[in-house]
Amino acid sequence: MMAFRAYIINFVILCILVASTVSGYNQKDVKAWCSQTPNPKPCEYFLTHNSNNEPIKSESEFLKISMKLVLDRAILAKTHAFTLGPKCRDTREKAAWEDCIKLYDLTVSKINETMDPNVKCSKLDAQTWLSTALTNLDTCRAGFLELGVTDIVLPLMSNNVSNLLCNTLAINKVPFNYTPPEKDGFPSWVKPGDRKLLQSSTPKDNAVVAKDGSGNFKTIKEAIDAASGSGRFVIYVKQGVYSENLEIRKKNVMLRGDGIGKTIITGSKSVGGGTTTFNSATVAAVGDGFIARGITFRNTAGASNEQAVALRSGSDLSVFYQCSFEAYQDTLYVHSNRQFYRDCDVYGTVDFIFGNAAAVLQNCNIFARRPRSKTNTITAQGRSDPNQNTGIIIHNSRVTAASDLRPVLGSTKTYLGRPWRQYSRTVFMKTSLDSLIDPRGWLEWDGNFALKTLFYAEFQNTGPGASTSGRVTWPGFRVLGSASEASKFTVGTFLAGGSWIPSSVPFTSGL
């Protein structure tokens, strides 16, 4: 009996010792710091169950701890997501699950990037990459919802990572008009040789694609697969129609075509055909630093097949110059990270410029096409957290009717946008709005959803559709009254474009 009591006493002592080693950070400290976040409960739970128990001395230290915490949870969530594959009952569930695996992988990568001591990461960079990580998780959930397969796999996916990401965004929060130090017109990761290459209007090509066999490759995919090294890899795609679905994961790839309507990349995937919006893209730019010039991106699924993306970009610091994007619903998916579009054409019907990037379209032509219903919506911005530094900015552009819409203008309403997510942010500045724009300007998504929390603004637009006298009176809509207000949404400030847009691509930094 004495031996048994000794065993019990030793066991209790061992439990106390083990508990002390995993008791986590000081509970009083944790409560004080976590109370400053939008989601204090998961913050408190995971910190008090962490193996560390040193005092948290500063906000920067709290941010690092929170980053490590969300990274650990994201890795666990990614591992868990892999195990859910066998639970998928059909091809639609499998399609949504496969997207989630990719998106969790990208999420872990982006969080890692913010913490990597070998990667230069300003507060603005961190806010961008954390915003992207949260967008990836939102996109994962959206895939199940849009395919109508939410009852088996989706409930098994935890929201803890999303909540912890929201916390890190709040801790790291960058003032909205934050502008990083000026560089010499290029980002720090572009080497001197690449800078010279990008300054040339006719860059030296690393590979040539031609359908007639006159190049190094007959398909664009073959050329991308051959891309090597960490520097800029320029692929010249000769005139022709290339029926390919491409996911470009390599960094610093440039596709150079012969011009809009000459070099055409086309596909036909769609939600109606059983894929997710995310995976329907004819071309998906994933690797950072992607550049396209003189190319038409097209999805031919048609208006009846619902969402069908021509181009999706999640490439940070990506540039599209003199390109066109052609489809119907969800044409241009500005998914995440920082993106710039100059002298481009965009064609579509419903939500045809959408996503949650920090995206500026400058000097572009936006063509509304004839919809299946009687309603067009140009934008659907997807900002889900108030601290994400994202939004869609249309600057110095033109919004008009495509040729197929003109005969039915009288019976079709076209709106500047509608709020896809709670904190949707869209601005039209110094843009010509033709008479197709409904006097209300903007459309509800679902009743009163997001009308108080969205940020929709207009500044010095022109044309018959530009009058703001009949615009919506939502709390989140405003007409910007001064250049200082509007300048927050220019390329120079919103994208810090002067520090990374290649000098070979013209852009207007201010208003």
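Keep in mind that glycine also has a Cβ here, set from the backbone N, Cα and C atoms.
Straight from Swiss-Prot, the features:
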type     : residues               : note
SIGNAL   : 1-23                   : signal peptide
REGION   : 24-171                 : region 'Pectinesterase inhibitor 17'
CARBOHYD : N112                   : N-linked glycosylation site
CARBOHYD : N160                   : N-linked glycosylation site
REGION   : 237-414                : region 'Pectinesterase 17'
BINDING  : T277, Q307, R418, W420 : substrate binding site
SITE     : Q329                   : site 'Transition state stabilizer'
ACT_SITE : D330                   : active site, proton donor
DISULFID : C344-C364              : disulfide bond
ACT_SITE : D351                   : active site, nucleophile
Cα separation, the residue listed as 'active site, proton donor' to T277 (substrate binding site) (Å, whole number): 8
In sequence order, the recorded positions (Q307, C344, D351, W420) whose C-alpha falls within 10 A of Q329 (site 'Transition state stabilizer'): Q307, D351
Cα-proximity to Q307 (substrate binding site), 10 Å cut-off, over recorded positions N112, D330, D351: D330, D351
Helix, strand or coil at N112 (N-linked glycosylation site) [DSSP, three-state]: helix
Whole-number mean of pLDDT values that fall within the region 'Pectinesterase inhibitor 17' (24-171): 89
Between R418 (substrate binding site) and C344 (disulfide bond), the C-alpha gap once rounded to whole angstrom: 22
T277, Q307, R418, W420 excluded, remaining Cβ within 8 Å of their centroid (substrate): Q329, D330, V350, D351, F354, A380, G382
Between C364 (disulfide bond) and D351 (active site, nucleophile), the C-alpha gap once rounded to whole angstrom: 17
Where the residue listed as 'active site, nucleophile' falls in three-state DSSP terms: strand
Under 8 Å by Cβ from N112 (N-linked glycosylation site), same chain, sequence gap 6 or more: L71
W420 (substrate binding site) CB neighbourhood, other CB atoms within 10 A: 24
Intrachain C-beta neighbours of N160 (N-linked glycosylation site), sequence separation six or more, cut-off 8 angstroms: P42, F46, R73, A77
Integer Å distance between the CA atoms belonging to W420 (substrate binding site) and C344 (disulfide bond): 24
Packing count at C364 (disulfide bond) (other Cβ atoms within 10 Å of its Cβ): 24
R418 (substrate binding site): tally of other CB atoms within 10 A of its CB: 25
Tertiary neighbours of D351 (active site, nucleophile) (same chain, Cβ under 8 Å, six or more apart): Q329, D330, T377, T379, A380, R418, W420
